Structures are given as structure tokens and as C-alpha cells.
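Colleague: Just dropping this structure here.
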Amino acid sequence: MVKTQTYTERASAHPSPVAQRLFKLMDNKKTNLCASVDVKSTEEFLTLIEKLGPYICLVKTHIDIIDDFSYEGTVVPLLALAKKHNFMIFEDRKFADIGNTVKSQYSGGVYKIAQWSDITNAHGITGSGIVKGLKEAAQESSKEPRGLLMLAELSSKGSLAYGEYTEKTIEIAKSDKEFVIGFIAQRDMGGTDEGFDWIVMTPGVGLDDKGDGLGQQYRTVDQVVTTGTDIIIVGRGLFGQGRDPTVEGKRYRDAGWNAYLKKTGSL
């Protein structure tokens, strides 16, 4: 059943401090927009986030595609922008290995993701050990709480993440009510009857385009929110060729928020 509670109501009862913070932020800023900023230079990355920051609750990064990445030059300014504009950070790492390996991938290497990213995500392909490994890395790397999303469904054409795979991934998510805060999915993932309040974040959302020729399939803001999405993830729709990030950021922010108000009966 699609949740119709407000973000504030959900924050008050959520077991995860990360989810609580995110829900409160969304309500305060009146936005459920996550900007997916996939660009190859630190300068463009930070410039886009500066423009989009006022309109988003989250920025989604693929930090490993930035050619000139450095912790001091890329992450430190990103954290400053997050503080300035009051948004959280989601590194779209899609971990998919055994627990011991992902623990090292999350905490170490060049990127040290657990030190700076509020939220990350993982596939369920290797079982529940991946949740345990990532949680241990989070606890050992940062005093700040961290949250994990499981990849239950994908927006790409021909995706294998459906049916039994999705159901098994949901079962893995149930292994840690505090650390696993929700899913990357196309619809509500249930769990309410068992006391879970999962956040659903949905990529492949567009107000104009239907696809990109490389397998991405777009759905409208109203379509995804009506079927259970809490946060809309938008990338090229915000800053693709010929688009003004400030104009599009406001446009998608307003569309997402109005869809949320309709769903909760507030509009």
C-alpha cells in the first residue's frame, strides 16, 4: 500500500537517524528531488551542484567517473556545498561483492566513501553479508550515521532486477532495520505491516523525455510518486544539452513536491 503519511510524520517514528534527518530536511526545504550529477570534471561537478543545491534534498554522485578527483579538491568542497545548501549526499556505488570485500571498498581506497557520503547502495546478489560488511565499515569510518539503500528494481530496459530477485532483496533489507533505510525501486516496496518504513528512491524520471537510446526508460513525476516513490532522481533532465540547471531544478522540485502534496491529501 502506498504511504500517505507526511515526511514529518514518518521522521518521528523512523528507527534510522539518517532517514529521520532526510525526511525533516525534505519537509523543511519542501523538496523531494535528488540531483544525479554524473560529469567528469570536478569543476563542472561543483558548479552544477552550486546551481542545483537550493532545490534538492540529495545529490547523487558517481565519484569514480571524475577524472581529476582528489579528496581535498572534490570531496571537501562538496561537503561545504552540502552544508551551505542543506542537502545530503548519496554515492551511487552499487556495491556487489562479499561482506569483507565491500567493507574495504566502502571505507578505503582513493575515495573513502564511508567518510563523507550519508547514503550508499548495494545489490542483493551476494546475500545479507553485504549489509553487515557495509555497516561495520560505516561504524568504523565515521562518527556520523550512515544509511544503505538496496537495489530492488532498475529503470533500464531488460533489467534482471524483478520478480524473485526483488523479493529476495527485500528479505535482505529486513536484516537491519536501522542501517537499511530503503530501496532504489520503481514502486512502493511494502513492509508497512511488519513495521518497516522504507524510503523509495526512483531514477528514470523525466518531464520531457521517454528514453535515451541506451536502455534508460523515463516515467513522469506523477507516475512514480503515485506508485510509491518518495524521492525522484533526475540527471540529464536538470542539466542536459540546452537546459538551465537553475530553471530545471526549480521545475522538477515543484513537480515533485506538488505530486507529494497530492498523494498525502495536502493539495
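Note that Cβ sites are derived from N, Cα and C of the backbone, with glycine treated the same way.
Straight out of Swiss-Prot:
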- Lys94: active site, proton donor (ACT_SITE)
- Asp38, 60-62, 92-101, Tyr218, Arg236: substrate binding site (BINDING)
Colleague: Measuring Cα to Cα, how many Å separate Asn100 (substrate binding site) from the residue listed as 'active site, proton donor'?
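Modeller: Each residue's Cα considered, Asn100 (substrate binding site) and the residue listed as 'active site, proton donor' end up 15 Å apart.
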Colleague: Please identify which of Asp38, Asp92 has the densest Cβ environment, defined as other Cβ atoms within 10 Å, among these binding-site residues.
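Modeller: Answer by Cβ density within 10 Å: Asp92.
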Colleague: Give the distance between the Cα atoms of Asp38 (substrate binding site) and the residue listed as 'active site, proton donor', rounded to the nearest whole Å.
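Modeller: Given the Cα positions, Asp38 (substrate binding site) is 15 Å from the residue listed as 'active site, proton donor'.
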Colleague: So which one is it: of the binding-site residues Thr61, Asn100, which has the fewest other Cβ atoms within 10 Å?
Modeller: Asn100
Colleague: Taking just the CA atoms, what is the gap between Tyr218 (substrate binding site) and Lys94 (active site, proton donor) in Å?
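Modeller: Cα of Tyr218 (substrate binding site) to Cα of Lys94 (active site, proton donor) measures 20 Å after rounding.
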Colleague: Return the residue, from the listed binding-site residues Ala96, Ile98, with the maximum count of other C-beta atoms within 10 angstroms of its C-beta.
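Modeller: The residue with the densest Cβ neighbourhood is Ala96.
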